[in-house]
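Just below is one structure, and these are the notes that go with it.
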Amino acid sequence: MWATHGLAVALALSVLPASRALRQGDCEVCISYLGRFYQDLKDRDVTFSPASIEKELIKFCREARGKENRLCYYIGATEDAATKIINEVSKPLSHHIPVEKICEKLKKKDSQICELKYDKQIDLSTVDLKKLRVKELKKILDDWGETCKGCAEKSDYIRKINELMPKYAPKAASSRTDL
């Protein structure tokens, strides 16, 4: 009898998560972005009240691109956001709660927040552009805020990237030998 109760308890404990703490690599976009935001607030000596933090976060999110913009959307800091959980960021941040803890709470509200991961950056100084897919070449241009109108073939995208590289990635452009 005791063995079955012990087995049931062991089974129940194994099913429940041992800790709700974030693992390494979890919420990387959330932690990074909110960390930069918090540091920006401290550097500019902004008043740490929930209302002022909320206003500043909305302003900060206007400049966000890519995954960071998606995070802003999830917390309700963009104009087109469906839900508003921005107070789940502004209130704890006003009490100087670490961003890791804030992201942990946000994960409980919306698990998508912690599923965001930064895209791997391509090292333009060493990569052979000819071996990349057209999709990856388009992404490089998109990350720079550029488009390639009239590009039909891979070689057109490579030419455009090589043309713009000194402007957007000067270190990579100077270290490349195939130009």
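Using the three backbone atoms N, Cα and C, a Cβ is placed for every residue, glycine included.
Between CYS72 and the candidates CYS61, CYS103, Swiss-Prot records the disulphide pairing with CYS61. CYS151 is paired in Swiss-Prot with CYS148, the candidate among CYS114, CYS148 named as its disulfide partner.
Taken as a whole, the region 'Interacts with ERN1, EIF2AK3 and ATF6' (93-155) shows an average pLDDT of 93 in this prediction. On the backbone, the CA of CYS61 (disulfide bond) and the CA of TYR73 (phosphotyrosine) stand 9 Å apart. In this structure the alpha carbons, written CA, of CYS30 (disulfide bond) and CYS148 (disulfide bond) are 31 Å apart. Across the range of the region 'Interacts with ERN1, EIF2AK3 and ATF6' (93-155), the DSSP-based residue counts are 32 helix, 0 strand, 31 coil. Checking the recorded positions (CYS72, TYR73, CYS148) against CYS103 (disulfide bond) with a 10 Å Cα-Cα cut-off leaves nothing.
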